[in-house]
Structure formats: structure tokens, C-alpha cells
């Protein structure tokens, strides 16, 4: 993509019928660190790479709980992502207040998409520079959506966004047909896909965040010890993911609803400012 | 020329009584389950108690439609707090929020008479008592609703040390044990039920302590 005379304003079309500012916003998503989502019939797993900009700083928060049944992972301008998460949370709270039931995921993503579209058609605004993987559960089952800055949204079985996401997508394309199965395998697949985006760098629980939502399980972020235990389990087995369900460490401790718990300090390479 | 009278009131009083007692490491919150209007009973099985947070439980008598609306507003505000702070609201924080929420409608009040009970940041029992527009105070025990005039003097007598009648109160909370406090509450309601027509049917008791929340029920006279 090169600079041209039609890319100054979001409200200027190019002769080829493109809105360059919107496309540039989607570039911002591609530059962000990777975020991955996958779903089975009953669960949705969101995973992301959490690289701190220096050893002295804390991680960027990239996964947000929106409601007990919905969470989002973001890639791109994380500030925009934070603001949109606040919007999503508010929408869920207002819906629950009025209808005393959970906002269906499909409705939420449409509202989000419409909000993004507004920014593509106002000269005094700019598009949101963040892509959101919205994972959630409602009466019609488990869903994973991708909302992009253009105002489009798509439903996915599995998807990856951000830098080096293509490697993860290739892995997911191979494996997605098997996603109807156990929750533990879904998390393992997420970790494998995440590892693909690291291109050889060692996967440890201090640089990634995993969150899950499922039937009977409110959206929550897995704590660092659990994630590290899972990583250790499959890295011992070797490069290939285990063929059958290996005995997993106490998964029952994961099923705690409530506020998130990200990056608690542990012995292995945690940055000092982990909150 | 006589002053124009309202031909309709936005409020109704659904009756009922609420009590809360704070102990050293527990809090007991109780309310009857009768809902009335005028001299009629609407239902014998309506809960006036709502858990607002891990360690905050509110019991409210008055106009139950306003009570329900108030509970929903506080629940939504608590969710927002959890998203922003990554933790549950403490009972004193919830107490302030309730006060602000009530005063927000100073000129069209929630017709709700509340007692908020729970555990404070140190794990000690706390009770906050309110009027309809949010004036509140931390106390060792309180009672609100149609049977309050019958119960409060009895509690003043039985829970001598946290009573504000010996000004200032000798203890912040009652030295009674949890089971003694529960028995006292049952006695209060049994007596109030005898004389207050709006109190009766069933007593719902919520006990909050370090191990969590527990519920007990006791039958009351149905007349």
C-alpha cells in the first residue's frame, strides 16, 4: 500500500472504489500482536500473545471480560480496544437490566459493527484501529466473531488476527474440524496455534494469556500456573499435539467465574510490573 | 377553594419488616416474606433480601416495585465496579453507593426502607441503616419496616452494648455468638408477627460469615 491522493480523508473514495483510511485502519490490526479464537459446540477459547515493550513495563491487557457469557480479545490499537470493551460491557449491562437475560452474542456484534461503521462515514472521526475477536455463549450455542475496523463482522469456527497470524491460521485450518471435542483439547489447540505465531520463540505463560467461556463456565482468564502446566504438558510430549486426551491437571480449578486474573507473578520470567 | 388532591399515588406500601444484626465475625440479615397491599395479602412468599456483592446483603421494606428497581440499579453498578477494579465491592463501599443512589432520586424517592448488612474490610460484621433518601449510618443492629417500632426497642434492650441509647455505644457490634443472634432474630419476628398485621407468613434469614453465605427459614403466623 502506498500513499496516494485519496487517502487523507476517511470520507474520500478512491477511483477504484476503496476507502483507504479504512484499509489503513485494518493495517493497524495486522501490526498488533497476535490474538486467536477457537470454538467448539460448547466452549470458546481466546488466546493472545502478551509481549511487554520492555522488561521494566507491564503487559498490555488484550483480553477483556465483557459479561459472564462473553469475552473479547483484541489486536491493534489497544486503547481503542479498551474503549470498545467498555462500550460492549455497558451494552450487556443495559440489556440485562431491561430484559433480565443475557445479551445474545450475535446482537452485540451487530451493534459493535454499526458503531464501527459510523466512524467510516464521518469526516470528523477516524475508524477504530482495533480488530476484536468476540467469543461468547448464548441460547443458540457457542460463537466466535471477528469485528474489524471497516464495520464488517464474520462468524468463525476459528480465527487469528495480528502479526504472524497466518501461521496460526494455517494450523487452525488443519485442525478446526476436530473442534467439537473436549474443552482441554480446545485449550491445547489454542496454545499450539499461539506457538505458531511466535516463530520459534519459547512459549511460556508469562507471554501469553488464555481465556475460556463455556456451558456452565463463566468467562474467565486462566491463571498463569494453570497455563504453564498445560504448556509443560504438551511441550514434553514433543512438537506434535497429543493424539488422544492425556490426563490433564486439575481443570476443575479453572471453572471459577468472577473477575479476571492476569499475569500473576511466578518464578519463570514474569516482568516486575505484572498486575 | 380547597387544595387540589392527587387522585392517584405513584407509591404503595407492601409492608413487611427487615432486621440486621452485626457480630464480631458474622452478620445476620432477616426479613419476613409477606407482601401486602392495604388489608390484603398479595403473596406469602416474596423475598425482600438481595445479595448485592460477596459480602453485602440488603433487606428492604416499603414499595417492592421501587425496591426491585433499586436492586437492579445496584447490581448493574456493581458489575461496572467489578469491570473497572477487578474485584468485588466492599460493604462500606456498597453502603456509600446505596446512599448516593437513593439521594439521586431525592425529588421522587425510592419508597424503600433499607438495611444493608455484611462484612467490612476486616471481616467484622457491619450493618448500615437508611432512610428513603439515603441518609445512612453504620450501626451494630437495625430494623426497618412496619414492624420496626415493635422490634427496635426490644433489640435496644437485648443487645445492650451496641445500643446507641447509651451514648456513645459501648461496643460497635454485639458480643453475641452467631447462633444466639439468629435465635434473637427469630424471637423478634415471632413477637412482631403477633401484633403487626403486615408481618408474618415466613421469615427468611441470611447469615454472612467468613465461610460465605447461608440461608435459613422459619415459619411465622399466617394471620
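Here the Cβ of each residue, glycine as well, is placed from N, Cα and C on the backbone.
Features as listed in TrEMBL:
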type	residues	note
DOMAIN	A:6-28	domain 'Proteasome alpha-type subunits'
REGION	A:236-275	region 'Disordered'
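Residues of the same chain lying 6 or more positions beyond the ends of the domain 'Proteasome alpha-type subunits' (A:6-28) and with a Cβ under 8 Å from any Cβ of it are 76-77, 119-123, 125-131, 148-150. Within the domain 'Proteasome alpha-type subunits' (A:6-28), the DSSP-based counts of helix, strand and coil residues read 9 helix, 0 strand, 14 coil. Mean per-residue pLDDT, taken over the domain 'Proteasome alpha-type subunits' (A:6-28), amounts to 94.
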